[in-house]
Amino acid sequence: MKKKKQALKVLLSVGILSSSFAFAHTSSAAPNNVLSTEKYNKEIKSPEFISGKLSGPSSQKAQDVVFHYMNTNKDKYKLGNESAQNSFKVTEVVKDPVEQATVVRLQQVYNNIPVWGSTQLAHVAKDGTLKVVSGTVAPDLDKKEKLKGQKQVDSKKAIQAAEKDLGFKPTYEKSPSSELYVYQNASDTTYAYVVNLNFLSPEPGNYYYFVDAISGKVLDKYNTIDSVAGPKADVKQAAKPAAKPVTGTNTIGSGKGVLGDTKSLKTTLSSSTYYLQDNTRGATIYTYDAKNRTSLPGTLWADTDNTYNATRDAAAVDAHYYAGVTYDYYKNKFNRNSYDNAGRPLKSTVHYSSGYNNAFWNGSQMVYGDGDGTTFVPLSGGLDVIGHELTHALTERSSNLIYQYESGALNEAISDIFGTLVEYYDNRNPDWEIGEDIYTPGTSGDALRSMSNPAKYGDPDHYSKRYTGSSDNGGVHTNSGIINKAAYLLANGGTHYGVTVTGIGGDKLGKIYYRANTLYFTQSTTFSQARAGLVQAAADLYGSGSQEVISVGKSFDAVGVQ
């Protein structure tokens, strides 16, 4: 059973694994609510989070303030002889709605080629003072021998190498892509192609391959869609059915969900047919029927009387309703308009394949299997599952945490946290268990994971117990238990490993983690960097001397993350 549980907990899907150390500055006063901290990535001895009064006031553009700081601190960041202007590209500049600071998002480059996983965020206050730089910079690239050579492999050959390693011929959802990066692992730094293979059959996959641009060897790979034990997807694909939106009148229907509860549904009436298409929110919500095949998105769910009480309707009822709840949570709590904050439609497909024990975000929409009736019931019946998966989409459009090792475990934990908070928002039998409503219907009290007690299902609740192997993308669904426990303690309080945490409630938990995920976390955020970002987020929201700041720090003390 334990082995089975270990396999199944990777259901809810979409880095640098290292330890860190930090010390606080006392020499110069930081701006209001900015903590003076300097935290280094211990493995590569490069800063991963620095905050305080990092520069004086300035009338320059925010990005010029950042570049001036990086040039002044070239030795600290080990940039060699290159200027900051040649070492980084500005990818986004946004206003922080809380602090009214300007947030500059950077991508490290070398010879104008992006460095995989090396992104940074800098916060420049209204008076032009630089107050935060978050994100590890890959150091000493000018000293890496392989970066002095020429690539011998082209993009096409890199894709072929990835396809050969995959070992089977998939049916692609989109054409394979390949982009050249500077890539680092524990032993080497080289040019590599990052190849993306996205497909649904013979089983869903969204693989990232790293192919050495000099030797053509596969250096690493990971899949952001995880399969679980049970029947595989039906490989007999039908031609893609029409899935066009309809025009018509907004109406209200009703239906019974997977657990038998009745829900009100926002639908569209067009030509005497009702559709599960909700036009009333900032993002249109569509629910489709795969009809037990594997083509996406399927056909827009249609009904003759706007009453969805048939057994087959249940999965669609919950997918449609819970997508709306998740949208409302993020809109009402954070004024976020869909996962991309630009009104992107929310698409869900139910009845995917036959007896399929999985749910996943494929990069553009949600997909739900029906389960086999023993391990799972239809997976759209779990509100925390839907909140979890749509939060992966949000993370992809903000911090874009790499789905490996500590950054991947943080990615998973954020989805667990907000899946739970969405459940509390809707007040539909909320708890701190993940997947309890749809997992093992014949076993009461069972779940995929527990945030209150990760060890209940074999997950670590302290950094000293973390998984250090390479399975499950470096333990993304296992080590998430460490962050989950910290989040649970932050919301509810408690004593863990002799450390007492004062709880601040779920609402403040959500505000702090949302702010950190959107404005402080970078692609390769470690647990230690996450702690620093969350503490600073709490200081921004509640003040540097607040109980919230103290509790965030204590919650990480309790799980052994410094």
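Every residue, even glycine, has its Cβ placed from backbone N, Cα and C.
Fair warning: this is a prediction, and the values are worked out from it, not measured in the lab.
According to Swiss-Prot, the residue from D372, D384, D461, D472 that belongs to the Ca(2+) 2 site alongside E423, D431, E433, E436 is D384.
Record note: Swiss-Prot gives H388, H392 as Zn(2+)-binding, and the candidate from E406, E412 in that site is E412.
Here the CA atom of D303 (Ca(2+) 1 binding site) lies 30 Å from the CA atom of T440 (Ca(2+) 4 binding site).
Look at the binding-site residues D303, D384, E412, D431 and count other Cβ atoms within 10 Å of each Cβ; D431 has the fewest. Annotation note: D305 (Ca(2+) 1 binding site) sits in a coil segment as assigned by DSSP. The Cβ of D305 has fewer other Cβ atoms within 10 Å than any other of the binding-site residues D305, E436, D446. Distance from the CA of N429 (Ca(2+) 3 binding site) to the CA of E389 (active site) is 19 Å. Straight-line distance linking the Cα atoms of D384 (Ca(2+) 2 binding site) and N429 (Ca(2+) 3 binding site), rounded to a whole number, equals 11 Å. Excluding the listed site residues Y439, T440, D446, the same chain places T375, G435, E436, P441, T443, A447, L448 with Cβ atoms within 8 Å of the centre of the Ca(2+) 4 site Cβ atoms.
Note on proximity: of the recorded positions E423, D446, H477, the one nearest E412 (Zn(2+) binding site) is H477, by Cα distance.
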